[in-house]
Amino acid sequence: MKQFRALSIASFKELLRDPLVTGLGILFPLTFVFMFLALPDLPEAGGTISALAFGLPAVLIFSALSLGLSGTAAPMAQLRKDGVLRSLGMTPITRSQYLWAQIPARVAVIAAVFCLIFIIAVVSGSLALTSPALLLWATLLCVVTTLPLGLLIGASTDSPGLVGALGGFLPVGVLFLCGLAMPYRLMPSIVETIGLFLPWTYIGDMLRHSLVGTELVHPIIQGSAVSVVWAAVIALLAWRGFRWDTHR
């Protein structure tokens, strides 16, 4: 327990020591918030809807993915490149302890960003909450599905540049594949088929329902099952693929 606590504190300090990566992971999603705020209300059946309310699911998922990649995989790659992880591998610390210890600090940062986004939405009058319980469940699934992906990408690479490149296009690609950046009806049918295998398709659906009140496209149980299985599989792959250095 002492080792886990020490590793968790060190992980949090690592985020503070690299304010550029962490700061960009926080500020970049916020630019989308203000972009949606500047857009006019969108027409819908029976009236209009705030552009931010409509785009909020995409912003939340994008911010979680960005922080999960830039705030998790990038520091791990840098520590491996600097030989820090090799030194840790010579201690009694196990890979399970190290990977679990990366989670608390990242959860805290993502939670803070989510709260900030929600505060902006409330102050601007863009939030129309219809299901608080589903919102909490969807945000939990969002965190649970994104952090293991960051751990997987950072499990064996020692190239922060590669992680940065992935962090640049992967979140945007996910938004399109999951129908969050553009409705599926405007894209080829193969895109929707791929999206059915990704958890954020269902999480975005839950967020839209809880934030905007739109009808659920997929059952909550189905979306939850896909998300939990995804998180478990990706976490297992991250654990199996983790290397203290690139030569082991």
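The backbone N, Cα and C atoms fix where each Cβ goes, and this holds for glycine too.
Here's what TrEMBL has on this protein:
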type	residues	note
TRANSMEM	20-39	transmembrane segment
DOMAIN	20-245	domain 'ABC transmembrane type-2'
TRANSMEM	51-77	transmembrane segment
TRANSMEM	98-122	transmembrane segment
TRANSMEM	134-155	transmembrane segment
TRANSMEM	162-182	transmembrane segment
TRANSMEM	216-239	transmembrane segment
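Pairs of Cβ atoms less than 8 Å apart link the transmembrane segment (98-122) most often to 51-77, out of 51-77, 134-155, 162-182, 216-239. Looking at which of 51-77, 134-155, 162-182 has the most CB pairs under 8 Å to the transmembrane segment (216-239), the answer is the stretch 134-155.
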